[in-house]
Amino acid sequence: MESAARRRQLPGAAGGPGAQPGAFFLQARHSSLKADEADRTAPFHFDLWFYFTLQNWVLDFGRPIAMLVFPLQWFPLNKPSVGDYFHMAYNIITPFLLLKLIERSPRTLPRSVVYISIITFIMGASIHLVGDSVNHRLLFSGYQHHLSVRENPIIKNLKPETLIDSFELLYYYDEYLGHCLWYIPFFLILFMYFSGCFTACKEQSFMPGPALLLVVPSGLYYWYLVTEGQIFILFIFTFFAMLALVLHQKRRCLFLDSNGFFLLYSFTFTLSLVVIWVAWLWNDPVLRKKYPGVIYVPEPWAFYTLHVSSRP
């Protein structure tokens with residue numbers, strides 16, 4: 001009993017007086033780190049957002065356009081097109097810019113989740129590269145994007161019929177598996193970065209002029225991404241998660257910084273464009289047949305092959 005009493009009086013014993021300063025020190029240090037992360041505010045990353053928006057427009061949106069513009073003699077159908085080289089550059093530059101964006105986050109983000117997301121992003125974008133390359137090259141043979149694979153005139157009469165299954169598998173890799181592995185980690189990384197875009201100083205919660213200049217081209221690109229990639233559910237889930245996080249942080253007296261405002265305003269503009277796009281094509285019977293169900297968001301390239309390229 002005496003030895004037990006002496007152990008209770010030792011400075012380092014659990015529950016003894018000496019444990020309180022140590023526990024208090026660790027708790028204070030943890031609180032100071034949290035406060036330090038909240039107090040740190042990153043300036044608006046105009047250089048990264050500008051490069052990010054520019055390469056999205058040139059290497060992603062401009063990819064199929066460049067394929068149609070450059071002469072076919074320069075890039076034969078049995079070789080990669082200029083759009084494929086654009087896609088290869090996109091698969092390298094975009095992960096690099098995402099990593100640089102994460103590096104500049106005022107908040108320390110989980111590295112394992114970031115690395116796995118980047119690896120999955122590259123794998124999905126690479127799968128999409130192959131499937132999209134073949135699907136877009138089929139345009140020169142009369143393939144029509146507004147029709148399903150089996151309804152396309154150049155495919156429905158193929159013999160043996162198992163070849164049609166192969167083209168449907170290619171379409172699955174392009175439009176479903178590739179898009180999921182590409183876009184889910186992409187929006188996850190943007191949301192993780194957004195979660196660190198908060199400041200305790202209300203005076204620093206504003207949108208600078210350069211950020212406003214990039215909102216329109218950035219939001220317009222995300223409209224193309226959401227509609228052509230058929231990822232409206234993923235986009236709207238991310239958007240509402242961002243709004244919920246803003247409301248939660250506001251209760252803790254934390255406010256969005258300039259980078260957070262840029263992302264939120266870009267996504268808001270994107271949602272407005274998607275609503276206008278869907279309302280405009282709401283009564284199109286051909287597109288309605290290709291996109292049945294509650295979520296009706298036609299692809300721009302399906303609209304192009306139906307209403308633009310088919311004109312005499």
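Backbone N, Cα and C define each Cβ position, glycine as well.
Unlike curated entries, TrEMBL annotations are predicted automatically.
What TrEMBL annotates here:
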type	residues	note
TRANSMEM	48-73	transmembrane segment
TRANSMEM	85-102	transmembrane segment
TRANSMEM	114-131	transmembrane segment
TRANSMEM	176-194	transmembrane segment
TRANSMEM	206-224	transmembrane segment
TRANSMEM	230-248	transmembrane segment
TRANSMEM	260-282	transmembrane segment
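Residues of the same chain lying 6 or more positions beyond the ends of the transmembrane segment (230-248) and with a Cβ under 8 Å from any Cβ of it are 175, 179, 183-184, 187, 190-191, 194-195, 222, 256, 260, 263-264, 267-268, 270-271, 274, 295, 297, 299.
Long-range Cβ contacts of the transmembrane segment (114-131) within its own chain (Cβ-Cβ under 8 Å, at least 6 residues beyond either end) map to 84, 87-88, 90-91, 94-95, 98-99, 102, 170-171, 173-175, 177-186, 188-189, 192.
Under 8 Å from some Cβ of the transmembrane segment (260-282) lie the Cβ atoms of residues 44, 49, 190, 193-194, 197-198, 205-207, 211, 214-216, 218-220, 222-223, 226-227, 232, 235-236, 238-239, 242-243, 246, 296-298, 303, all in the same chain and six or more residues away from its ends. Here the listed stretches are 85-102, 176-194, 206-224, and the one with the most C-beta pairs under 8 angstroms to the transmembrane segment (48-73) is 85-102.
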